[in-house]
């Protein structure tokens, strides 16, 4: 920094103010939905930021309906399976891209980049028809497959950046000692890459968890509808009852995993996002 | 790929890498392993994108309405003519473009500010970085509902601020502003993170030298930081622009496309799931694909070598 001098009280105060502005800006919508979720039916419309009368009724309500629980199970299952497959395939490809020399590498990198920029909606119509024909429409697999596809570029970019930071000598030494490239990968590189793989898994999970377009287009019943899609149907379903409180409670519930990830793995998420996107 | 090691030449001498002589056994094994490792990813990606896109082109050339399956037939470019002469499509296209340009411009400014704050703050850096990641992680639909309720009279503190009868989400301009606000709120952290990675590349010495030479803060920013960060800025802009063009979730929740606030993605979704018109839906899908390809092409032209992937030779 240009001014490394003593940190004056004035500068400290100014930075504190700036930081407070940032924190408030980032949290306002989250706090608002949290506030709505704790309001009673009577106070829902008072517009107060802090609820006057607190209740857990909204949470009790959503967990009493099978719809929400079913959607939650769908979301968790689909996101975890898609993440696992995308990360395994992504790790294999990223290792090859970062470490091995083979024909078609540029092609794969190019394809990944294209898909990362791909308009998802362009796939929705053809996939809708293909999945109906194959019987995949409104099934877990029908969502898992597109999720894997869009998660792969993310994992390939992020992981190949991680792989490139692992010292190459270790692998060479393993090969020297008689390990095949496959063994060198499993025994030496994979354990070192574990933190990168974990980070990638979080990013991919967030991506799958957040998806709305596929979830709403490629499902039609609660057999496979994920929470973001289910949320938007709360509105239409209950015409005579204001669903605000229950939507808010459900929204808070699906936000919790993300907040937990962010709180515990902030450093890793930042590293993963930036290395994948910029150094990639 | 032969220059794969230029970035860290000392650390990564690659045996059997130089020259073109006949492939050794190890080399062949390496190739086989490489192809084998990449095959699953490549197959999935091609199967789920290339084939559907081609199929989409095929569908777009037909009259294909699931409500009238008997009338299905090949009609050439008639769907394109129908979409491209339809004012709804162009309104949605204009709206999408407008939202994209305005929100990305605001995000760039806010993202740069946030990046500088995260990079420079002397108090609570960890806290600021953690908290500003939250919008990135939040499910877009959840955030959209929060904004929706905030701007709905009665449940909303923000709508109430505007006065007792204000219902901004029922009017065109206010709706657009709220959609942009929701988009900007959600994605500024992502922009900021990419820019922060760029900021980290700016050498402190350079800034010190510039300060010595009498450059003020603004000059240091425009003359030293921005040029060094240019690749990061362009990457961030490319990703955000293409992402913003796909806007769907926010609009779906905030206005469901009322008052001409539909995006092209919404239009496609409506034609597909509400109209069950695969022909028209596919036509729109292809048009969106072409638009995104053109946008990406323009960016990559602007980028030159800064495009991610274009410089792989030097980095991998």
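Note that Cβ sites are derived from N, Cα and C of the backbone, with glycine treated the same way.
Source: prediction; values computed, not measured.
When TrEMBL is compared with the stretches B:130-151, B:218-239, the one noted as transmembrane segment is B:130-151.
Range with TrEMBL annotation transmembrane segment, chosen from B:251-275, B:276-300, is B:276-300. Of the candidate ranges B:97-118, B:171-202, B:276-300, B:171-202 contributes the most Cβ pairs within a distance under 8 Å of the transmembrane segment (B:130-151).
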